[in-house]
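Participant: Attaching a single structure in structure tokens format; questions to follow.
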Amino acid sequence: MAMAQNKSSTIPVNVGVVLDMDEFLGKMGLSCISMALSDFYSSDHGSKYKTRVVLHTRDSKRDVVGAAAAALDLLKNVEVEAIIGPISSMQADFIINLGEKSQVPIISFSATSPSLSSFRNPYFVRATQNDSSQVETISSIIQSFGWRQVVPIYIDNQFGEGIIPFLADALEKINARIPYRSVISEFVTVDQIKSELLKLMNMQTRVFVVHMPNSLGSRLFMAAKELDMMSEDFVWIITDAMTNQLNFIDYSVVESMQGVIGVKPYVPRNKKAENFTTRWKLKFRQENPTIINAELDVYGLWAYDSATALAMAVEKSKPSGASFRKQKIPGNTTDLEAFGVSKDGPKLLKAILNTTSKGLSGDFQIVDGQLQSPAYQIINVIGTGAKGIGFWTRKNGLVKKLNSRSGYSISKENFGSIIWPGDTNSVPKGWVPTNGKKLKIGVPVKDGFTKFVKVTRDFTTNRTTVTGYCIDVFDAVMKALPYYVPYEYVPFAAPDGKSAGSYDDLVYQVFLGNFDVVVGDTTIISNRSQFVDFTLPYTESGVTMMVPIKDDNRDNAWVFLKPLTWELWLTSFCSFVFIGFVIWLLEHRVNEDFRGPPWHQVGMMFWFSFSTMVFAQKERIVSNLARFVLIIWFLVVLILTSSYTASLTSMLTVQKLQPTVTDVKELVKNKEYVGYQPGSFVVGLLRKMNFDEDRLKAYNTPEECVELLSKGSANGGIAAVFDEIPYVKLFLANYCSKFTTIGPTYKTDGFGFAFPIGSPLVPDVSRAVLNVTEGEKMVQIERAWFGESTCSDSSTSLSSNSLGLDSFWGLFIIALVAAILALLIFLGKFIHEHWHIIRQSNLSFHERTRILARKFDGKDYSSHTFKKSELRDALGDSAHDMDCSRSPHGNLSMLPSPRKTGPPSPSNSSQTEQSYHFPGEEGASPLREENVAVSAQESVTELVVDIKAGH
């Protein structure tokens, strides 16, 4: 009675179920849904609910129209509050639009296509995993093994196409390409499958991602097994569409899938799920006795959890049970317009989105309208089933075990042991070089510089031979690969045997698929790399300018001036004059050689300074300060003269070749003609350098280039050539005495081999290029084609040979500092000795200056150089006094004796010690009266100053 009373007090809520009742997935889903509701309402928690979900099942009959008709019936006639189903994404695409129109939630536990979005259809709830959530797991697997190309194989419908954009984006992030997409119809025959697989076999790529249901996937792998595509070098990865239902695949199909890698959502094991699985098997066997060995998969668990969550949401939303609100539509209506709008639908949808529970499949939580993405398990098909080899989580990437505390990783070391197709443990490369076909190697056809590439055609046998430096390098590189790659050279020629286009056109043929590789003197530049992938370069890089050279030193009368720049000549002259002046200042008061008439002293100053250039000075230096300065100066002069001599000798004895042009801007400014090779990218570079189009001349052979350069720009030739360094080096090997390189080098990446974008051969060939260029083989190839160059590098002789100030300014600074230091010491000492004159305030500045000048001009008797002739000076003073007493000017007797200002010093008897001469002195001229008067007045003033100072 209590149970009957409780049953009568509950509120029934109609819920529709649209499934394919003839398929196993539909039967399994329906049984799981009914068991979920039974378990929930019989539990302690669910038995207290006031609402009860009442199921109304409909068969979609494995058809989109049938599913739509079933949904219309449920919405119009039953007025269900929610619909669980349908099975496929194609069926769900139409039904979710009906749900949005009627505001009835559509809950699907198996519609996985990313094209179904709750953002566009808010009443669609995906209680399963979005197919796009597994693409990161697949891309991590591909990245961990370093595979660069992947071919997706998918069913031609909405389910198959939905994952492809997300897979392409994920592969692009790891720098992997999709060179081809294999689309297979749902109704394809076995022969058509084999035809498509044969097409895949003719490609280099050997990594395939299969996304299709079991029914089609089983036929695909059976056909692949027959075509021997389940052997070594092949990689097969299946999505969860097949991995989730791997237990339902026939044993013969599983046997043909040995070595396949699969991904699927990870479902943690728990006792609740195990108990349910046991009960489900018993019930399912009773309801479907014809189905043997039925196994519960993750879709059944999601169906169970969806029904449980719906029952909880129904209770939370407290539906009123009111009928649908009918829409007022004028005129005749169709079935699509006849159904109304649910009043309780919005509340129920909100309750579903906010419902979380601990389900059989793990944590059940709807985020943004779909089930929260769990970890993914990675399996390896071995024997009769699958073995787990690792996991992928959004936080840690690839891991061996869940709950790992390590950081994010995509290392293949995190996988367990893997058995690959062909029953091997060796990781497949993921591609094969040629599939048994020869690579078509495109080579350029050119008239000149044939040492790089030369195409010779024998018209009698119609056989073409390709030789050259670039060809030998490529042959050596291909032999260095760890595997054999057959190939053949195909000239890029027109029917008449001439070149079929420029180098850009040749490279573009690889992009068009006409050539597999381009080999030759092909430069790696940015615009070409947009269409092909280049290997590492095998030659020097850059574009340089080559010009004629001439010897302009031997016939130059002023060549002796060239060893030094004008800045250094000027600095040297000023330094000689300055040092001579400093030496004169330091020696004038203590050395007889630096005394005498003014012009004699000026001449002595210049003579002494410049004579040090050849160390020819004969004057004796007595001052220690002057000696200090000269020691430093002799070092400067020695280095300077030695450098000058060496540079001049080099100019006169070695041929100095100078370029006729030194600057590109000079060529542009003067509108000179310049040359380039036809078909080269250099012509584009010249246009960017602002050369006029009519100033560009093409040449085909080195001989033609020599002729144009020899004529010159004014005579119908060219003033300079712009070309790549390998060509210029080959040219200069034969003509280095006439031409040279000058100016800057415009950077390029040298010659390289061009492959299709994403070609897996590029990394291996690049490594082989390094092995060849770093070894002896490259030296042998260069010697065979270019020989040993007999020309020395002319770049050093073309640089400026004049010695500049930059090389010697340090020496001049040292000499200048030494001279200034000596001057400061001398001036400090002089000022200290005559401080009594400077501090006399009763004298004008002019008078003090004249007195100090006379003091400086006089001899320094305190110097040791004058002490030896003290007696001679005394006798000279007596004679001087007698002469003064006989003078008609009585005031001359007041002139002070030189002895008053210091001790006597030796002096030459032939010279006077004053700046004037007295009558009767040897060698003296008659003294004018006015001069004697001025001298007497100055002497008196000086004597007064000395007396006041206490001297």
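The chain as shown is numbered from 1 upward.
Just so it is clear, glycine is given a Cβ too, placed from its N, Cα and C backbone atoms.
Pulled from TrEMBL, these are the listed features:
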DISULFID  Cys736-Cys791  disulfide bond
DOMAIN    438-788  domain 'Ionotropic glutamate receptor C-terminal'
REGION    878-938  region 'Disordered'
TRANSMEM  568-586  transmembrane segment
TRANSMEM  628-646  transmembrane segment
TRANSMEM  808-831  transmembrane segment
Participant: Residues of the same chain, at least six outside the transmembrane segment (628-646), with any C-beta under 8 angstroms of its C-beta?
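Facilitator: Sequence-distant neighbours of the transmembrane segment (628-646): 563-564, 572, 575, 579, 582-583, 586, 612-615, 621, 803, 807-808, 811-812, 814-815, 818-819, 822.
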Participant: Sequence-remote contacts (6 or more beyond its ends) of the transmembrane segment (568-586), Cβ cut-off under 8 Å?
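Facilitator: Those are 561, 594, 601, 604-606, 608-610, 612-613, 621, 623, 625-626, 629-630, 633, 636, 640, 803-805, 808-809, 812, 815-816, 819, 822-823, 826, in sequence order.
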Participant: Are there residues at least 6 beyond the ends of the transmembrane segment (808-831) whose Cβ is under 8 Å from a Cβ of it, and what are they?
Facilitator: 568, 571, 575, 578-579, 582, 585-586, 625-626, 628-629, 632-633, 635-636, 639-640, 643, 838, 856
Participant: Do you know the mean pLDDT across the domain 'Ionotropic glutamate receptor C-terminal' (438-788)?
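Facilitator: A mean pLDDT of 85 is what the predicted model shows over the domain 'Ionotropic glutamate receptor C-terminal' (438-788).
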Participant: Let's check the environment of Cys736 (disulfide bond): how many other CB atoms sit within 10 Å of its CB?
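Facilitator: By my count, 18.
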